[in-house]
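Before any comments, here is the structure.
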Amino acid sequence: MALAASSSSSLAAKQLAGLITSSSCYTKSTASLVKLGCISPRTKRSLKVSAAVDANSMPLTGVVFQPFEEVKKEVLDVPVSPLLSLARQKYEDECEAAINEQINVEYNVSYVYHALYAYFDRDNIALRGLAKFFKESSEEEREHAEKFMEYQNLRGGKVKLHSIMQPPSEFDHAEKGDALYAMELALSLEKLTNEKLLSLHSVADRNNDPQMAEFVESEFLGEQVEAINKIAKYVSQLRMVGKGHGLWHFDQMLLHEGDAA
């Protein structure tokens, strides 16, 4: 009986030792395993290192990142000339030029809207709602131009401003009236701006510049579609109300748009 008990106790001890080995030893380095006696120095085993201990862990590639070797690549050289941007990376000349062209587009549209604001704000026109709408539109387009300028500097490009076209000062139209004519002009300008933005996005794609493409998408494309839709509805409403008393009500709607209820 004593012998049986001793054998049973010895078997339990071996099972416990095996459990400890299987559950904890593989979390240590191979040298530690040898030192602890979990792995014999004479035993050759292949250990698979994983990023995590769960069942879904994937083996690491074994590739060690060596930053001091990587930065030796010529593409990552930091410019010495004070005339060159230190931040510029993977930003092609075509992308830089396209951004400058879009800055010019935004400023030109802003200038036209500012001329429309001045026209409707005259004392003999006195459509204050339309004046407000076009002033806000002008400011918005100028903000867009400044966003592109900031992005140009962010990527290490150089902002080059082009000439701005002189807009007309008179917007009356014998058949349509000035309000409808101006709003149709605004709709055409917004569609033109949308085409320019899509072309800008194509330049980014062609030059494999996902950062520039994402900037155009997130900051402008969705907003531009909304602007086109909004002005298209204004054109439809102005066509319905004509040049008479309904125009005054439409103008009042624009004047008080955004006011607190």
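For all residues, glycine too, the Cβ spot is worked out from N, Cα and C.
Bear in mind that TrEMBL entries carry predicted annotations, made automatically and left uncurated.
As the structure is a computational prediction, the values presented were derived from the model and not from experiment.
Listed in TrEMBL:
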type	residues	note
BINDING	Glu106, Glu141, His144, Glu190, Gln224	Fe cation binding site
DOMAIN	89-242	domain 'Ferritin-like diiron'
State the mean pLDDT for the domain 'Ferritin-like diiron' (89-242).
98
Long-range neighbours only, meaning 6 or more apart in sequence with Cβ under 8 Å: which ones does Glu106 (Fe cation binding site) have?
Glu141, Arg142, His144, Ala145, Phe148, Thr193
List, in sequence order, the residues of the same chain other than Glu106, Glu141, His144, Glu190, Gln224 whose Cβ lies within 8 Å of the centroid of the Cβ atoms of the recorded Fe cation site.
Val105, Val109, Ser110, Glu140, Thr193, Leu197, Phe220, Ala227
Please give me the CB contact count at 10 A for Glu190 (Fe cation binding site), counting all chains in the structure.
21
List nothing but the one residue from Glu141, His144, Gln224 whose Cβ has the fewest other Cβ atoms within 10 Å; the candidates are the binding-site residues.
Gln224
